[in-house]
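Asker: As annotated in TrEMBL:
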COMPBIAS  521-539  compositional bias 'Basic and acidic residues'
DOMAIN    116-249  domain 'Rrn7/TAF1B N-terminal cyclin'
DOMAIN    280-371  domain 'Rrn7/TAF1B C-terminal cyclin'
REGION    74-96  region 'Disordered'
REGION    386-417  region 'Disordered'
REGION    488-539  region 'Disordered'
């Protein structure tokens, strides 16, 4: 054992410190144990702090706060040696240590990542509390977010140098260096005189943009099998219900004011200027899942399809079981999220399955059910149109028996006997409620909601530099004036207007006589009025179809086949021409509106899904023919061939 001259002894071979031996500078023979010196000899045992496991109730930012606390403690502890030169008693301590190159980029990087993480926490909290999302997404967010941050290699040692080198290499040719301002002299700059603080901020914001918080939140909802679509995330973001545009206010409260190492304010770092598109939201969620090696499930077809059917006011118990059978049989790959931004979204193919199911169940194949509802509509005595009730006409074929192909008559008749659903009712319903399907924002319906939206979202964080009580009083008086005018009835406003006193009262008796002259009995409807009403509605439908690049096809008259009617698109004059019947177009445009898609995109998704069904049917028939069968089943002895394309699946 060697004396280390520091009160401890060390091993000569390995250099390990001896635990039980200590130099006390006192001879052992001269030392007497008394009550006064026993405390200096006996070593005090340090109590061990029992570690507490991290629960899900603790915030995700605790991980980053722990790292920051360790860094601060290390900085305060110093090197452990203490002062190396004598100092006068009562002298002023040395000033703060000047910031170095590493201090700047470490602070900017950590502060930005913590801010985006807090934004994600706020969004998850809003999804759970306000939109009834399952709380299981709280536990899913942490591993997804940390694995994504690790995949970006943002915390690598050479990240700061690479960002500086990239900023210098982007400039081509000979350029003059920009002069450094006096207030930024202490900060590091690149060779061109640009602030390194701004270079690192632009690099980290480019690696993890602010809208990635919405992508991570949407990805967690998708993993939890929640019926949350990209349209919902974007709508809630624009309405201010999901913390995004105004989240910098809460972020500033949690991470504090700007520091010397990161002089950028929270409003500059965490206030987005625009929202993400619906299509890009899905593609980025799929790309993040690929980067972190996450296998995604398909969308929750049952929950989303039932939600769309309720939104369209269609019978869920009739259509949804049939649509689920088609979904389970076909399993289209388009119901998985794709990293391709130019692919049709998943909601388009969900509605494609619903459209195919509705067409099969309600026999919507160009037979002119909507046109028949125009000619069969009658008026009641109260002046309101009655519901269309022409079961006798719908039960009859739309063409004579001589026009029907004999080879297809028997399977279609069997199918039509089993189907008791009236297509006219749902077509009239979809046509009448088409304008109501447009989803408007809540803040655009009322002035009070709009002003609250502007205060909380648009002008969030904007406050007066001084408190002006007079201005607050003026605002309050103007708002009371608006509320009082809103409560008045229109008749009261007209009676209070000064111009109403000088107006001559109208001769109501004469106007009543003129009305009675032109008034006809309510029950009397001439054939000309029926035809004119039908022609007007059809002309409106044609003009609406032309606006969306569709061509109107009149109802089928000489029906040769009663199979599923497939629509095609042809290219003419450099553009595709979409031809469709009014029945199919009414169903198509309603589904496109609830999905917030273009009608042509919705039609392309339907055509793609129909081609997949045809391909599956052909391959099944081919496989059945190639399959060896030793024993004949009961259906083979009946002698009736079954055409899979005509089954009511």
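Yeah, the Cβs are placed from backbone N, Cα and C, and that goes for glycine too.
In terms of burial and nearby residues, how do these features look in this structure?
Answerer: Mapped onto DSSP classes, the domain 'Rrn7/TAF1B N-terminal cyclin' (116-249) shows 81 helix, 2 strand, 51 coil.
Here the domain 'Rrn7/TAF1B C-terminal cyclin' (280-371) returns a mean pLDDT of 94 for the predicted model.
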Asker: Would you list the DSSP helix, strand and coil counts for the residues of the domain 'Rrn7/TAF1B C-terminal cyclin' (280-371)?
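Answerer: For the domain 'Rrn7/TAF1B C-terminal cyclin' (280-371), the helix, strand and coil counts are 61 helix, 0 strand, 31 coil.
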